[in-house]
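J.: My questions will all concern the structure given below.
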Amino acid sequence: MATYLEFIQQNEERDGVRFSWNVWPSSRLEATRMVVPLACLLTPLKERPDLPPVQYEPVLCSRPTCKAILNPLCQVDYRAKLWACNFCFQRNQFPPAYAGISEVNQPAELMPQFSTIEYVIQRGAPSPLIFLYVVDTCLEDDDLQALKESLQMSLSLLPPDALVGLITFGRMVQVHELSCEGISKSYVFRGTKDLTAKQIQDMLGLTKPAMPVQPMRPAQPQERPSVSSRFLQPIHKIDMNLTDLLGELQRDPWPVPQGKRPLRSTGVALSIAVGLLEGTFPNTGARIMLFTGGPPTQGPGMVVGDELKVPIRSWHDIEKDNARFMKKATKHYEMLANRTAANGHCIDIYACALDQTGLLEMKCCPNLTGGYMVMGDSFNTSLFKQTFQRIFSKDFNGNFRMAFGATLEVKTSRELKVAGAIGPCVSLNVKGPCVSENELGVGGTSQWKICGLDPTTTLGIYFEVVNQHNAPIPQGGRGAIQFVTHYQHSSTQRRIRVTTVARNWADVQSQLKHIEAAFDQEAAAVLMARLGVFRAETEEGPDVLRWLDRQLIRLCQKFGQYNKEDPMSFRLSDSFSLYPQFMFHLRRSPFLQVFNNSPDESSYYRHHFARQDLTQSLIMIQPILYSYSFHGPPEPVLLDSSSILADRILLMDTFFQIVIYLGETIAQWRKAGYQDMPEYENFKHLLQAPLDDAQEILQARFPMPRYIHTEHGGSQARFLLSKVNPSQTHNNLYAWGQETGAPILTDDVSLQVFMDHLKKLAVSSAC
C-alpha cells in the first residue's frame, strides 16, 4: 500500500490536482469542524508529454442538468452497450461508434490511467492567434529603443498565420493601419475622451456598410476583404513592414515641461484596444499586450496628475482615503477587464519604470482575464527581455505554452457542492444543482472563464460537503468531482481536457485517524493563503491576520494532542507539523504585509500568488535557503537567523528574488582575492557553486526573478534579513548558551515565540 504522500504525488503528476483533505468527512457538520475547507489546487493544463490527445469527441450523459463526460468511474454494461453516469446515475446508450467495445477492448476514457484525457474537437473553423501590441511612447530614448528591439524579436517567434496589430500612445492614441504598402497610416484619437465600443468601431470603419446591390461580373471576387484586416494582419504578410514601422517609432513629440510628468493616455489606449478586438474577433483567442513606462496621467483611467511634486498614491494615502483618482480609475479598468473577459480575450501588462505605474488600479485587467503582469525597472534590462522572450516558449511538440478562451466547468457527486474558485478567472454565473449558497472566492457558479492560461496556471477550487449528519454514506462510498476545461489550443484547435477524481468518504467519529493521515498540509497552507489574500483585497490587513490566526488555533485544538491548560504537552502529528510554520511565514509575507511595499508591488505579488502552482506558491510563502560551505555539499538549511554564519554562502529563493549572501569571513577572503590564487582553487569553486545554481533557477522561472548578490553588512543583505525567522535579535543576542548567528534588528516575534503562544491558546479552555 502506497503511503498518502506517494498517493498525493502520483495524483498531482497524473491529474494536476492537490486536495487539502484526501479522505473526506462524510457530513456537513463534521466538515465545518475540520476548519480547513475541502478544496483543491487544480492545474487544468498541466503538461503531460505522455498524454496524446484523442481525435474524437467526448460522450456526454444524456440528462440535461448533468451532461457529465464518460470516465473510468462509470459503471459499464458491455453486453447491453449501456453506461451509468457516476454523478446522476442516469443510464445512457453508447453511440454507434462504440459498438465494438468490450472488457478487453475499452476506449481510452474508461481506462483508470486516463482519469485525465484530452479530446480534439473537429467541428468549426480554426481561429488564428491574435496579438495586439499597445505601446507607450513616453519613454526615455534608450528604453524605447530596447522595447522596440524586443517587439521586433517577438515577431520572429510568432507563427506565420498569427494576426498582429499595433496601437501606440502618449498624449494621443494612434491605431496603425498595417495593410498600406510602404505608407504609414494611422487613426489618431484624443487621449482625454472615453469612447464607447460602438464609437470606436464606427471611427475605425469596423461596422460593415450596406453592400450596394449591383450585378457582379464573373471575374470579380465574391468576398470583400475583412474590415479588420487593415489593423490586424497575418505576420507572414506584414513582417517586414511591421518591423520597419516599429523601428521608426519615435518618442512622443509632445514637450514635457520641467517638473511635469509626460501626458500618458493609457486608459483610452486600452479602451480602444478592447473595442477593436470586440468588434472584429469576439470569442476568439487574443492577447492585448500593454507596454508602459509610467502612470496614466490624463483621460479616463488616470491615476496621478502631471505635476511631479504631487507623488502617486501610497498605502498611507489609501488608508487615509486620500487617493484622489484611485476609485474612478479602478472602475474604468474593471469595466474594460469585464468586457475583455466576456469576449474571451486577455490583457498582459508589462510595466517597467523606477516609480509606480498604476498596477494597483490596472491589476484587474490581467487578474480577471488570465493575462501576465510583469514589473521591472526598465525595458533595457535582462529581467524584462528574458521574461518577455519566455512568453513565447514552446512545448515538447513545438507549440506555444499558452491557451486561450477557456471555460472551466466543475461537476460533483450529490454529497458535494462547489463554493467558489480563486485564480485568474471570472464567473460565468451558471447556477445548477451543484452550486453552493456559501461562497468562497468567486462563487455562485459552477463555470468560470479563464481567457489566458498556460501549463502552470493553477486555480483554487473550494467545496462544501452537504450530506446531512443523519444520512450516513455507506461504508466504502466515494465522492467524485469532474473538471472539464474547454479551450483554444495554441495550434488553433479547440480542445477539451477532462479530469475525473474520486476520494473515500469517512465517518469522523470512527475514522478520524484516517482523515488526519490524509491531510495535505502543503496544499492546505496554499489554499488557506489564497483565501487570506482574497480577503485582503477587500478587508483591513489586521482583520485578515486575526482570521488566519483564529483558523490556525481552531485547527490545533481539533487535531493537536494535549492535556488541558498544559502547553508543554502539545503535539501535532507529522501530517500537520509544518502547517503552523507556513502560517507564520505567510503572516510576514508581502501578500499580507504592505509595510515597505508600494501598492503596485503588493498588487504584483498578489497577482502571481493567485495563479502559480503548489511548489512555486510554497516558495513564495516560505522561501528556500541553501547553504554552501567547506563542511560538505550544498544543503537546505532553516530559514532562520541562526543559519547566517560567517563561513557560509547562502542562496535564498523567494520566487521574486534570488539572493546570494556571502558570510563575513567568506566576503573578507573574496576581497583579499584568495579565489585568484592557484592554491585556493577550492575557494574559487565554493564561490562559483551558488552562482551556477542561481543561474539554473533564473533560466527556468517565469517571470524572471530579480538577482541580488550581497554580503555581510551589504545594503542589499536586507532582502535576506527580512525573510529569515528572527530567532536571534538585539533583545536576546547575549542569552546564556546562545548559538552564534546573525542578530536581526527587529521587533517581530520569532517562530519559537509564535509557537509558544499558539500552544498556550490551543490548550486553553477559554478559546
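From the backbone N, Cα and C atoms, a Cβ is placed for every residue, glycine too.
These came from Swiss-Prot, pasted as-is:
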MOD_RES   Ala2  N-acetylalanine
BINDING   Cys61, Cys66, Cys85, Cys88  Zn(2+) binding site
MOD_RES   Lys564  N6-acetyllysine
REPEAT    634-720  repeat 'Gelsolin-like'
J.: What are the DSSP helix, strand and coil residue counts for the repeat 'Gelsolin-like' (634-720)?
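T.: Residue counts in helix, strand and coil order: 44 helix, 21 strand, 22 coil.
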J.: Which site among Cys85, Cys88 has the most other CB atoms no more than 10 Å from its CB, taking these as binding-site residues?
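T.: Result for the most crowded candidate: Cys85.
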J.: For the binding-site residues listed here (Cys61, Cys66), which one has the lowest count of neighbouring CB atoms within 10 Å of its own CB?
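T.: If we count Cβ atoms within 10 Å for the binding-site residues Cys61, Cys66, the smallest count is at Cys66.
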J.: What is the total of other Cβ atoms whose distance to the Cβ of Lys564 (N6-acetyllysine) is within 10 Å?
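T.: Taking every protein chain into account, the count is 8.
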J.: What's the CA to CA span in angstrom from Lys564 (N6-acetyllysine) over to Cys61 (Zn(2+) binding site)?
T.: 53
J.: Look up Cys85 (Zn(2+) binding site) in the DSSP assignment and report helix, strand or coil.
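T.: SS state of Cys85 (Zn(2+) binding site) = coil.
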J.: What other residues of this chain sit with their CB within 8 A of the center of the CB atoms of Cys61, Cys66, Cys85, Cys88, the recorded Zn(2+) site?
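T.: Neighbours found: Ser62, Arg63, Lys67, Ala68, Phe87, Phe89, Gln90, Asn92.
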